[in-house]
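For reference, the structure discussed in these notes is given below.
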Protein chains: 2
Amino acid sequence: MSVPDATVVKAFLLDLQNRICAGLEQLDGQASFAADSWTRTEGGGGTSRVLTQGAVFEQAGVNFSHVTGAAMPASATAHRPELAGRSFEAMGVSLVIHPKNPYIPTTHANVRFFIAHKDGADPVWWFGGGFDLTPYYPFEEDVREWHQTAKNLCLPFGDDVYPKYKKWCDEYFFLPHRNETRGVGGLFFDDLNQAGFDKSFDFMQAVGNGFLTAYAPIVERRKETPYGERERDFQLYRRGRYVEFNLVYDRGTLFGLQTGGRTESILMSMPPLVRWQYAYTPEAGSPEAELYDNYLKPRDWV
Amino acid sequence: MSVPDATVVKAFLLDLQNRICAGLEQLDGQASFAADSWTRTEGGGGTSRVLTQGAVFEQAGVNFSHVTGAAMPASATAHRPELAGRSFEAMGVSLVIHPKNPYIPTTHANVRFFIAHKDGADPVWWFGGGFDLTPYYPFEEDVREWHQTAKNLCLPFGDDVYPKYKKWCDEYFFLPHRNETRGVGGLFFDDLNQAGFDKSFDFMQAVGNGFLTAYAPIVERRKETPYGERERDFQLYRRGRYVEFNLVYDRGTLFGLQTGGRTESILMSMPPLVRWQYAYTPEAGSPEAELYDNYLKPRDWV
């Protein structure tokens, strides 16, 4: 197994954050990212970059963090008892984008690297990540293209990679209490190390780099679509599902909040404005019903 | 120990729901409650009553539910292994009120009764409940009166009752990731049965009946207070904390969502409109800072 190199992963992540922010600024055409650097008492820190009230993006948050600790948190060793007592490093880029126009989907992407050290033993490490799309008024063309980009970037790593991580994504971003997927999915992977460091890192880079390739064309295509109060209302309502998922189920969010992570960076994923409405159901045959009927359940797109 | 009588508790709860809805309609002066009755496949059901877009209340939800099951849920027996395998009944009234005017606090109240049956053994039962207040622009007079009403209703049950349940409330409605209490508290009790059924039921009734006594004068006093965009913005922002607490920490919410409760009734607690803003902090010396500095930490009020 090739030797893991945290330095080169970190350099990639910082560069990825820069490139994604630059790409989003270009798509927005108006607003810029502001940056907040922070440190963590227990070790490490990060830089949170946020764009607000843009022409295209109501809010976009792109976090980089690199945290270290003297001992693995209990929650991370429950299913990996062999890691108990090891020191660790975790680093990643995580982003959530809330566009203004309800015809542009919300999206989330994350790539991460974890390494657990122990004197006199080989480090234990793995990669994780993925990206997923949450449309309000979906276009089949957009969803197919999104998944085609995901599939294409997976292909060099094997024919089984896309189906496996597409399925994992559908399963992970699911709200049992609504019996809905969060959106139309994409890729989700974790615990990746079986092919060795170089190949695993290559895949993580392909996912990180693939995100804008997948998202930018959808933004370009939909950003001028006219919309009114009805579409805005539905977008705000559906953003409530995003909040429900992130606060009730998302492991990264809960782990962060419960282990003293930087709250403002973790909750950068929260939409700037959200609506709840008791017992709302879309009118049969409406564009809103189309989302529920055809997109909020796992489906083969490519 | 006096014999528990679920029928009389249920009659009280249904009447309490009626009286609270009538009282809130009177306070609102414009909107009325609509009712949805529902049943649960596993047994039991409830009636959810919701008032929306009133003159005073942006949304008020008052739930009654009475659910039964053949076996205690695992999550409820983890700390009470003696109850494993028993059938159960749970009934309660639960409400959350989101007023329009930012000078009127949001509030929550709940009273509940739980009973676990087993052939040939005495039933195991207990009461729980409480009420708590979440101001945006607090008035010390309101908070003191709220706690005085809470204290007064506790006094007939012993001098130690108010301090004990006031403290429990402060501890329960706390957001560790914000290092803030949810609001200014009130009362929170659970596992109440030590004094026997009659006395315990008396206390639960006192709490249920005390809620409007405590809340109505505050609504009357603040409902005409003029406010502008600044106060509305801050109210929407602070409502985000309510969402964070309910979805991340509230045991009732999580238990309900994870055990197939009626989602729309459980999430009636969600505010109709909510705002998040990255890295917001109130300006020093402002009315918004006053909330953070003097109200979002446990404090003796009476």
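Note that Cβ sites are derived from N, Cα and C of the backbone, with glycine treated the same way.
Given the ranges A:134-169, A:242-277, the record in Swiss-Prot names A:242-277 as region 'Important for dimerization'. Under the DSSP three-state reduction, A:Gly260 (substrate binding site) is assigned to coil, being neither helix nor strand. A:Arg262 (substrate binding site) sits 28 Å from A:His177 (divalent metal cation binding site), taking the CA atoms of both as reference points. Chain B comes within the C-beta cut-off of under 8 angstroms for none of the recorded positions A:His108, A:Asn110, A:Val111, A:Arg112.
Under DSSP, A:His177 (divalent metal cation binding site) is assigned to coil, being neither helix nor strand in the three-state scheme.
In the predicted structure, the region 'Important for dimerization' (A:242-277) carries a mean pLDDT of 92. Comparing A:Gly261 (substrate binding site) with A:His98 (divalent metal cation binding site), their Cα atoms are 22 Å apart once rounded. In this structure the alpha carbons, written CA, of A:His108 (active site, proton donor) and A:Ser94 (substrate binding site) are 8 Å apart.
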